[in-house]
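Student: Got a structure for you, questions after.
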Amino acid sequence: MEGAQSFLATEYYYLGIFMVIMSIAIFSLLSIVTPEDGRTRNDEVRNGIFSTISFVLGGATSILSGYLGMQIATYANARTAVEARKGIAPAFMCAFRSGAVMGFLLSGFGLLNLFLAITVFLKFYGDDWKGLFEAITGYGLGGSSIALFGRVAGGIYTKAADVGADLVGKVEKDIPEDDPRNPAVIADNVGDNVGDIAGMGADLFGSFAESTCAALVISAVSSLGKEHDYSGMLFPLLISATGILVCLATTFIATDLKPARVIAEIEHTLKMQLIISTVLMTPVAAGVALWALPASFTLSVPSSTPDKPFDEKVVKNWYMFVCVATGLWGGLLVGLQTEYFTSNRYKPVQDVADACRTGAATDIIFGLALGYKSCIIPTIVIGIAIYVGTSLAGMFGIACCALGMLSTLATGLAIDAYGPISDNAGGIAEMAGMGEDIRERTDALDAAGNTTAAIGKGFAIGSAALVSLALFGAYVTRSKIDMIHSSILDPRVFSGLLLGAMLPYWFSAMTMKSVGKAALAMVHEVRRQFNTIAGLMEGTTRPDYKRCVAISTQAAISEMVAPGALVMFTPVVVGTLFGTQCLAGVLAGSLVSGVQLAVSMSNTGGAWDNAKKYIEAGATEHARELGGKGSDCHKAAVIGDTVGDPLKDTSGPSLNILIKLMAVESLVFAPFFYNCAHGQGLIFQFFGLA
């Protein structure tokens, strides 16, 4: 716990400095915008002030969400290990209940702060609901800004320690995972808390904040906002609030009615949480849509005729239920297919394990192929959701699809946090010498946790794609882009598309290299200690754990800056210098390539990890044929797992933040970008091309 708290304190110190600088930038750039459309200088200054307040509130909520999640997890780790002495059921219930506490805390806390912000802002904005909800978008920007740095830094920290511990300890020295003789073992366990718990909590909070803000800013310019329909405007928040209640009811099934009592029931019980919460949420969403929304309302959608930029589209309240339900069931489908590709109960992962017979190279080849193939269904599901949402309610429909996918966020967080808690419980059991039978139970819990963590990442990526597109639509409207004359054939848009499609690869290269550099330093340190500390292999001398923790901490803090700067500066530079149309292309390009890359990375890494655990467990005749722990197959699987670690826990999860964060940042700064040569960009204005 001390290591995790120390790292987070250092990280949050630097993030606090970032928030101060970013707050000054938001206020300054939005306050100097030239007033248009009947607005006054005071309106622009007010927008700058309240956008800044929203940003700070969102960032503070994200920081607190990550910290509280880490505190819950660190207390739960040891308790789960102790409960494992009594059997599978007590250990499962301890880990799941701890994850559920985190899920409900983060969901409820994020929703409460957003509602309070809207309530307070109403006192200052009065009837100007459009300005109010435009200012609220800063809440999503703050949440995702902190989530990006938290995911990147936490991912670098945990994977540097994990890769270093595995390569030297398991491959070279042939000692068990989490063996106390391994100098990197403490840093590895700390990393699970700061990366998979604190980073993941901040990430999913950011998804919730941005999807809600996207829906609010779009509906503010509909008849709901113009007619001041309070319950209709708060429809996005009502969906999230009722989702928390549904998830609460669903939790009792896993904790009281039908908990997992044997190893074979663990994955099934966790999967049923997703299925049951989705089934229960469907009629609830219908009830909320019919109660909160008027029978019909109008939305502004881009026109297909040159005479006018927008048409009025009539939307019925049951249309919004269909949008929410499409996202809800689409998220479940993405989760189930993620389970199929990452669980060692199914053929894809077993094929990857079987490929280890001929070494690490074939293991890596099969894993990469699995990840690429796993992109097919999520892409189709997201495409269907986009078509349904756009057809029924334009960009508001897409935002509500994303809200539907995140309406069971509390359950998603619970089963996601369950994995790292079980993993660290296994580490504690190994280091405390609690016995092989206890380690087998915690390994079984952890194997299921790897799959549920992959499912959580699938939800995050799918919702990020929908959120990003909804934010993109709001950005197009707010930056006054002429959709009639702006097409993919426009050289500015097409150039932006190519640049945007490249950004996820550039970002991934930076984060993976950061993990590689940190892991290299960790490997050298672990080897040095094994070679120079007498009695370390015999277990008579205590290794220098603090040195390895310091290496991970220093690498995480220093290496998070460059990827974060790439994401934060790109929209500002492109929008200011090259105009709003070029930036629109960048956003679209990063969305299209980022989703595929994130899905393939996350699923490839998850498959490699569970292929290793499949060989270690030896639960089937096929697994026993592969040789078990210490065999050549197992060593090949360990190498594949170490390659996959930065893919599934650093680069992959960070990409969904990249596409959301650039979109919400563009939306917040859209008035400033339009103010630069009426959206044509300073470069084109300077050369007379505007």
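Heads up, the Cβ atoms here are built off N, Cα and C, so glycines get one too.
Below, the features straight out of TrEMBL:
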TRANSMEM  12-33  transmembrane segment
TRANSMEM  53-78  transmembrane segment
TRANSMEM  99-122  transmembrane segment
TRANSMEM  233-254  transmembrane segment
TRANSMEM  274-297  transmembrane segment
TRANSMEM  317-336  transmembrane segment
TRANSMEM  380-406  transmembrane segment
TRANSMEM  459-477  transmembrane segment
TRANSMEM  489-507  transmembrane segment
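Show me how these features fit into the shown structure, please.
Tutor: Cβ atoms under 8 Å from those of the transmembrane segment (53-78) belong to residues 1, 4-5, 8, 12, 15, 19, 22-23, 26, 94-95, 98-99, 101-102, 105-106, 109-110, 113, 117, 135-147, 150, 189, 193-194, 197-202, 205-206, 209, 417, 420-421, 424-425, 427-428, 668 of the same chain, restricted to positions at least 6 beyond its ends.
Long-range contacts of the transmembrane segment (99-122) within the same chain: residues 50, 53-54, 57, 61, 64-65, 68-69, 72-73, 76, 132-133, 135-136, 139, 143, 197, 201, 204-205, 208-209, 212, 234, 237, 240-241, 243-244, 247-248, 251, 255, 409-418, 421, each at least 6 residues beyond the stretch ends and with a Cβ under 8 Å from a Cβ of the stretch.
Packing against the transmembrane segment (233-254) from elsewhere in the chain are residues 93, 96, 100, 103-104, 107-108, 111, 114-115, 118, 129, 133, 208, 211-212, 215-216, 219-220, 224-225, 260, 269-270, 272-273, 276-277, 280-281, 284-285, 288-289, 292-293, 320, 324, 399-400, 403-404, 406-411, 414: each is 6 or more residues past its ends and has a CB under 8 Å from a CB in it.
Here the transmembrane segment (274-297) has Cβ contacts under 8 Å with residues 222-224, 229, 231-232, 234-235, 238-239, 242-243, 245-247, 249-250, 253, 314-318, 320-321, 324-325, 328-329, 331-332, 335-336, 404, 407-408, 411-412, 415, 455 of the same chain, all six or more residues outside its ends.
Nonlocal intrachain contacts for the transmembrane segment (380-406), taken as residues 6+ away from its ends with a CB within less than 8 angstroms of a stretch CB, comprise 204, 207-208, 211-212, 214-215, 218-219, 222, 235-236, 239-240, 243, 285, 299-301, 313, 315, 319-320, 322-328, 330-331, 333-334, 412, 459, 462-463, 465-467, 469-470, 473-474, 595.
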Student: Any residues 6+ beyond the ends of the transmembrane segment (459-477) with a Cβ under 8 Å from its own?
Tutor: 137, 140, 203-204, 207, 210-211, 213-215, 217-218, 221, 300, 302, 327, 330-331, 334-335, 378, 381-382, 385-386, 389, 394-396, 398-399, 401-402, 405-406, 412, 483, 584, 587-588, 591, 595, 598-599, 602, 652-653, 655-657, 659-660, 662-664, 666-667, 670
